[in-house]
Amino acid sequence: MKLAIVAGDGIGPEVVAQAVKILDVVQPGVEKTNYDLGARRFHATGEILPDSVIAELREHDAILLGAIGDPSVPSGVLERGLLLRLRFELDYHINLRPGRLYPGVKSPLALEPGNPEIDFVVVREGTEGPYTGNGGAIRVGTANEVATEVSVNTAFGVRRVVRDAFERAMRRRKHLTLVHKNNVLTFAGSLWWRTVQEIGEEYPDVELAYQHVDAATIHMVTDPGRFDVIVTDNLFGDIITDLAAAVCGGIGLAASGNIDATRTNPSMFEPVHGSAPDIAGQGIADPTAAIMSVSLLLAHLGLDDTASRVDRAVEGYLATRGNERLATAAVGERIAAAL
């Protein structure tokens, strides 16, 4: 396996170091290449993501990312120049966000005994919607200013995400929920709903449901156990995945995969939390989400048994840690010891 590592900014290098520690335990011999991308490189060279680096990244099997963002860089510069560019250049049309409440982890929800287990995954479209930069503004700064952000949805883009979601549902509990707002967003909503129905005919064993996005947020709080696989567009997915993380114990336990399902490009895996510059360098950042990202990476590369080993070790750690606050390295050491 050839792995590109982008530790990034803030706590990124600290949590990635622990994720790599776990990877070395379960999958020795990985060929690793570190890339200095983020605020430090931007300040030193003015570069964000050179074309030459993109070409090098394409030669790897996967990418492990820490975190990007620093208050010394204007907002949006690194996010658009690095993260969004990677998303479009490497065709990350699927953003995968598991949502599971692990034993021993507290949820802010008042869950009743006997409620269904919270264990779902959100398959979010990653390259379309209103994030394509298709829009503009006129008469800026005047009382007559007009601004638009056009949401782009293509049959090609929707179909490939929906098919991936059905495939995941077949490997899980065989239930898929489309989340959209087709009573108001009638054109895009119709495309999504017709596509789900059409492709769903190829998966008769998968039970299909639909929820408006506002109803889905209610049910994610009142009855999250109803969900198995959720498929949705870029914007709605961006919103409900953060709610899902909160329901499952916080964004510090949320891992994600940015996936090119065609496997033409290396997919990228990362913890969802930000760079947290206020605690960077103190050795107190929780690396659990970064370690969970390694599990997603391994599963994507077909190493399911190895990924399951990491999952079980993380589950065991979370079940026993209680209110204990461990240093970053200590978390990695404890999970590594369990392996």
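Think of each number as a place in line: the chain as shown, counted from 1.
Each residue, glycine too, has its Cβ placed from N, Cα and C.
What Swiss-Prot annotates here:
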| type | residues | note |
| --- | --- | --- |
| BINDING | Arg87, Arg97, Arg124, Asp214 | substrate binding site |
| BINDING | Asp214, Asp238, Asp242 | Mg(2+) binding site |
| BINDING | Gly274, Ser275, Ala276, Pro277, Asp278, Ile279, Ala280, Gly281, Gln282, Gly283, Ile284, Ala285, Asp286 | NAD(+) binding site |
| SITE | Tyr131 | site 'Important for catalysis' |
| SITE | Lys181 | site 'Important for catalysis' |
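Mapped onto three states, the DSSP output places Arg124 (substrate binding site) in strand. In this structure, the C-alpha atom of Ile284 (NAD(+) binding site) lies 22 angstrom from that of Asp242 (Mg(2+) binding site).
The maximum pairwise C-alpha distance among Gly274, Ser275, Ala276, Pro277, Asp278, Ile279, Ala280, Gly281, Gln282, Gly283, Ile284, Ala285, Asp286, the residues recorded as binding NAD(+), is 16 Å.
In sequence order, the binding-site residues near Asp238 (Mg(2+) binding site) (Cα within 10 Å of its Cα) are Arg124, drawn from Arg124, Ala280, Gln282, Asp286. Here Asp214 (substrate binding site) is compared against the binding-site residues Asp242, Gly274, Ala276, and the shortest C-alpha distance is to Asp242. Taking every pair among Arg87, Arg97, Arg124, Asp214, the residues recorded as binding substrate, the greatest CA to CA distance is 27 Å.
For Ala280 (NAD(+) binding site), the spatially nearest entry among the recorded positions Arg97, Tyr131, Lys181 is Arg97, judged by CA separation. A helical conformation is recorded for Tyr131 (site 'Important for catalysis') in the three-state DSSP classification.
Listed in sequence order, Ile251, Val272 are the same-chain residues at least 6 apart in sequence whose CB falls under 8 Å from the CB of Asp242 (Mg(2+) binding site).
Between the alpha carbons (Cα) of Asp286 (NAD(+) binding site) and Tyr131 (site 'Important for catalysis') lies a span of roughly 30 Å. On its own chain, Arg124 (substrate binding site) has Ile94, Asn95, Leu96, Arg97, Val161, Thr232, Asp233, Asn234, Phe236, Gly237, Asp238, Thr241 as residues at least 6 apart in sequence with a Cβ closer than 8 Å to its own Cβ.
Using Cα positions, the member of the recorded positions Lys181, Gly274, Ala276 nearest to Arg87 (substrate binding site) is identified as Gly274.
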